[in-house]
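As given in TrEMBL:
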- A:HIS111: heme b binding site (BINDING)
- A:CYS19-A:CYS148: disulfide bond (DISULFID)
- A:18-159: domain 'Globin' (DOMAIN)
- A:1-16: signal peptide (SIGNAL)
Amino acid sequence: MKIVILVLAFVAVAMATECDNLTRLKVKSQWRRAYSHGHDREDFAQAIWRAIFAQVPDARGLFKRVHGDDTSSPEFEAHALRVLAGFDIVISILDQPAALKAELDHLEHQHDNRKIPDNYFDAFKTALLHVLPAQLGRCWDRDAWSACFDLIAHGVKGH
Amino acid sequence: ASGSLSNDTIPTSKMLRLFVLLGFAVSCCLASERQFCCSAEDRHIVEKQWEVLWGDTESSKLKIGFGSLLLQRLAKEVPEVTALFKKVNIEHPESGEFAAHSLRILNALDMIINLLDDPEALDAALDHLADQHHDREGVKKAHFKTFGQILHASLPRVLDDYNAMSWRSCFKGILLKISSKLQG
């Protein structure tokens, strides 16, 4: 009996997902499908941002310059796609450490004087983790995304 | 009688074709200031041909390689450009900094191409890129012209299907808009 419990415990530890090399590859390929093209990509971006603002309405204040009050405005559409493009870069080089570090440093620098509270990053994560399965259906791994998102957010926040 | 009839119809259909062609040419040039003949069909062709580059999960290496090649070629043709990319370590093209930057440039191209169907958002995105380049002292309009030439020479080498007319007509407007806020 003890052995069974030990084995189960061992399995549970082994299954606790980290953003390791294999997990990164999984996230990369799932992202490639979710990110899609053209209008689908615009809708994907739109869904993420609406989900963010629904959780933290005050965050709109940070996006005044890009018309955050109206997520359908061309200015905000362009902004939403810029953000996803940055995210796309990070995801696609998750398995290339030197480039990944350079890009995270670049993003950290772009964010460092914007005073973004940590809970806005949490809202981004929650939004992404809801919109992704809507986009991908069953073939997606929440734990893998959660772990790799945390790694990216940590890099962008710089703490 | 049938001979004279066909003799009549051939010139008429030729004339008609000529008129239609002329009509296209005129409408294209009238609209050129705004859309540079980048028609809906052109945009779809560009989007479709570009997609090929992004199909594979491992395509980031290809994209980094391609972006890095474009920038290095630009620096070779216009040596003064090297200084402009000093911050992203162009002296060491294999470095993480330059790889990330190459991908950034290629991803901006990707964003633009995927916005071709939404002209207003495309305009906003190009305007932002124009601002970003305006803030970089030393970047000149001529650099974008050369970059366009390098792009058109390089794309057919990575894309099996490449419609030069469509790409040129769309990218003329795009590159002009990104460089529109530059002084020189």
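Keep in mind that glycine also has a Cβ here, set from the backbone N, Cα and C atoms.
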Practice problem: Using C-alpha atoms only, work out the spacing between the residue listed as 'heme b binding site' and A:CYS19 (disulfide bond) and round it to an integer in Å. | Solution: 23
Quiz prompt | Residue among the disulfide-bonded residues A:CYS19, A:CYS148 whose Cβ has the most other Cβ atoms within 10 Å | solution = A:CYS148
Quiz item: So what pLDDT does the domain 'Globin' (A:18-159) average out to?
Solution: 94
Quiz item: Around A:HIS111 (heme b binding site), how many other C-beta atoms are within 10 angstroms of its C-beta?
Solution: 14
Quiz prompt | For the domain 'Globin' (A:18-159), residues assigned helix / strand / coil by DSSP | solution = 112 helix, 0 strand, 30 coil
